[in-house]
Amino acid sequence: MSENSRALKLAEANQKLAHKRRNAKEKWGIVLDTSKCIDCKACTVACKMENYVPVGFYNYRIWVAEDTHYANYPTISRSFQPSQCQQCENPPCVHVCPTHASYKTADGVVMVDADKCILCKYCMTACPYDARYESHTTEAIDKCTFCYQRREEGRDPACVETCPPKVRVFGDLNDPNSEVYKLLAENEYTVLKPGKGTKPKLKYIK
Amino acid sequence: ASEHGKQSKESGSKTVPSACAICVNKCSLFADVKDGVIHKLNPNHNFFKSRSMLCARGNVGAKVPYSPDRLKKPLIRTGKRGEGKWKEVSWDEAYDYIIENVIKLINKYDNRSSIAFASTEGLQEEFFRHLTSVVGSTNSVRHPTLCLASNIQGYSSVYGTLPDADIANAKFVVMAGSNRAEAFITPDTIDLAKKHKEQTFVYLDPRATKSAALADKWFPIKPGTDMAVVLAMINVIISEELYDKEFVNKYTHGFDQLKEHVKENTPEWAEKESEIPADEIRWMARKFAENAPASVWYPGRRSSFTANDVYYRRACAILNAIVGAWDRKGGLIPKSGISLKSHEFIFPLYDRVKNRIDGGKVNFAADILPEYIKSNKGMPKDEVAYLSEADGSWVLFRDAILKQKPYPVKGMFVYKQNPVESVPNRSKTLEMLKSMEFICTIDIQMSDTAWYSDVVLPESTYLERWDPAHSLGGVAPVVIFRKPVIDPLFDTKSMKDITVDLTERFLKKEEFWVDAWEEDKAYMRDYVKTFKGVPMSHIIEHQLSDYPGAYKMLMEKGCFYKTDKIPYGKTLKEGARLKTKTGKIELASVRYPEAGLHALPVYQKPSEAPQGKYRFVVGRHAQFTQANTQNVPYLLEAYGHYTNMLWIHPKSALKQGLNDGDYAIVKSSVGEQKVKVHVTEYTRPDTVFYLHGFGRLSKWLTNVYKVGASDAEILEDYAETISGNALLHETFVEIKKA
């Protein structure tokens, strides 16, 4: 089986799984402490492997950006900011989609139904985070799914699981016993582009 | 097998425990296999040494067996060396060719040591070393003198061992040149990234690497002066009486000599050398003492910097000792291991064997020293003082082969190592290969060294084979192993199988045994019997037989350990002795003066860059393991540039008339390379850098063949003569617009 057909099979399986989990009560999110990030790209590579995102094209579900706060030798300050789809509670990509290909699962994960996608790219324009790409394998717009295929086994998304310093913590934002809930209770945090009103479920510890 | 390898008949999903082999860390992993194809490699959460991670390189391992650039069948050269003309042959044909050539060389030179064996570390390396013993050569050369030999020597002269650092519990960490954010060592890299908010991390490096992003303070130290900073810190700690008096009295030797020795090494003096402000050095010293024993001057590496590297590493070890940051929580911790049972083999004692070509007195040993240090009394001129018999000294070894002194070495086996790209002065390595009458390389890809070989044997990748159990030494030891995640895709074998097959064939050749004893053949028949047709799982069971339940734990959990707790203070117990001459921590060495070396670390001012030239430094990147993974498309993509680039400071770029994105010629006394220019504030104006592993010569490394620039090509081939370690920061280069 080719890499392309594996990618298609995964996309289909995730649609079925989303349907199966239509009564799920969780609200999945990720809390990030980016100060630990060393830009090693374990997350981006793991994501490509897990989700059959092809190499060599300008496509990706997650990324690591560099912030150079100042660089005037010998005074340097730099840090790294890993990111991905913000899994917005109020997702503009879903609102603009004319065919309802983009949708939110019961547990709050924004996904794309490849069958319904007509590649109009409205969603790519609407997304304030540049988190979507055109996939040549599914011939649809694709994006981070929080590795939805791992929900049944309760495993962390590939980026979370593989990260060396554990920059990301994944969990149920509704569950007071979850690590993500506790982290948010104990730390000040922010979201990306709060002014857009998208209510991201990726929370960045300050 | 087709171009894409054998199609698997398996269906369904399975999870297989094994261990990574992309770098030295050997992180335990679980492979997700779907319908006989590796889908994903995931971290093993039982494996505490990696802190439950698998890095970018570990992740791409999933694609390694499927690389179109893999070696798929044994190859024999048909054209000229390096021309790239090969014929695919059967294993039998390849073996016959090897056996014939080995016997020819031994007879021609009447010397088994006329065949050299070069290898690098890995779980199958022991089988390559068995092959060395079967052939009977004394000339083995391994990676340490391109890596950490000077570090091992320096720390061992003080503590009798090279310790690890308890980064997870350290409160004050200084790293000088050890770019742990990009050169991954488990668990240190991960602990540093995780804990940096709770600890003070000071980073000394001519470049603002990704480690600088984690640092509380980054000092762009003048290269080669690190030891001045260490001596000044010792000076402050002693003169302000901040040292741990009780510890020093009880556990160390030579404190008074040390005190006298560092008298002149004030922070003001060190500022002039290192360009780090005296007040900052004083602050570092005070904080180092204040946080002790949870203080670490990190015992990291990046090979050797400059010619006094062993003395420098000694100074680092001494600094930690005087504040009592040894074998206590948060300090330096002696490594421990889990001892495994092994088969003891008796290898033949042949007559036609000579001593190591780089061992004992070598009258041209001084030639490997840089000019400015030749008058230094503490550097041996006629030998490598502490040459490892197993490892040799790569730079001296190659010179000895080229000079044919004291005898000719004309054959070579290379396993997994790639001296063409890893030993400084590439032209000289090529000259050495040219002087060989026979070269056999064993690898999974067509390395540059394989490209210049006569016969190339394809090894099965680490995901297609069994490897014996192996104890990873460290602050808390753990055992890993490998089992096949998939069946071999191509006509490949493990190093174990290759050694056993060759030994079996040597046994059939009477002329191979003329200088052996009759028992030797029987011993070698036993050797073959130990491995031939015996499943590796049985061998692993035997290795672990001292520990009830260990085999089961290894197979199920992917690793075996007794405890994940660090056993602090074993060497501080009443009656404990270190492996030094006095049994104590030797601030002043007892052995060194006997060998004509300094008892204490003597600072040597590094040479200044000649007018118009820049010091070239080397370094690592988180996507690349030595010269092994540059050809992997996923890693090139993650790295982001697809080629390496010359880091040059804006002021220096202006001086050379270079703009970002231009091409420049970088020229040293041994070679030159053309490389794209990256103008950056992240480096000292007097220092330039480009990444290792690009500008390759093997056409079968399709993504990096002649892409970017090779550092091996321009690095001058100096080494120091205490441990024999190559010196990677002693090269000055001219830079011109291309």
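Glycine too: its Cβ is placed from the backbone N, Cα and C atoms.
Per TrEMBL, the features are as follows:
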| type | residues | note |
| --- | --- | --- |
| DOMAIN | A:28-57 | domain '4Fe-4S ferredoxin-type' |
| DOMAIN | A:76-107 | domain '4Fe-4S ferredoxin-type' |
| DOMAIN | A:108-137 | domain '4Fe-4S ferredoxin-type' |
* Long-range Cβ neighbours of the domain '4Fe-4S ferredoxin-type' (A:76-107) (under 8 Å; 6 or more residues past either end) -> 18, 21-30, 32, 34-35, 37-39, 43, 47, 61-70, 113-118, 120, 122-129, 131-132, 140-141, 143-144, 146, 148, 151, 159, 167-168, 191-192, 196-202, 204
* To do: Looking only at the domain '4Fe-4S ferredoxin-type' (A:108-137), report the model's average pLDDT.
  => 96
* Asked: Helix, strand, coil residue numbers for the domain '4Fe-4S ferredoxin-type' (A:108-137) per DSSP?
  -> 5 helix, 6 strand, 19 coil
* **Helix, strand and coil totals (DSSP H, G, I; E, B; other) for the domain '4Fe-4S ferredoxin-type' (A:28-57)** => 12 helix, 5 strand, 13 coil
* Work out, from DSSP, the number of helix, strand and coil residues along the domain '4Fe-4S ferredoxin-type' (A:76-107). => 5 helix, 12 strand, 15 coil
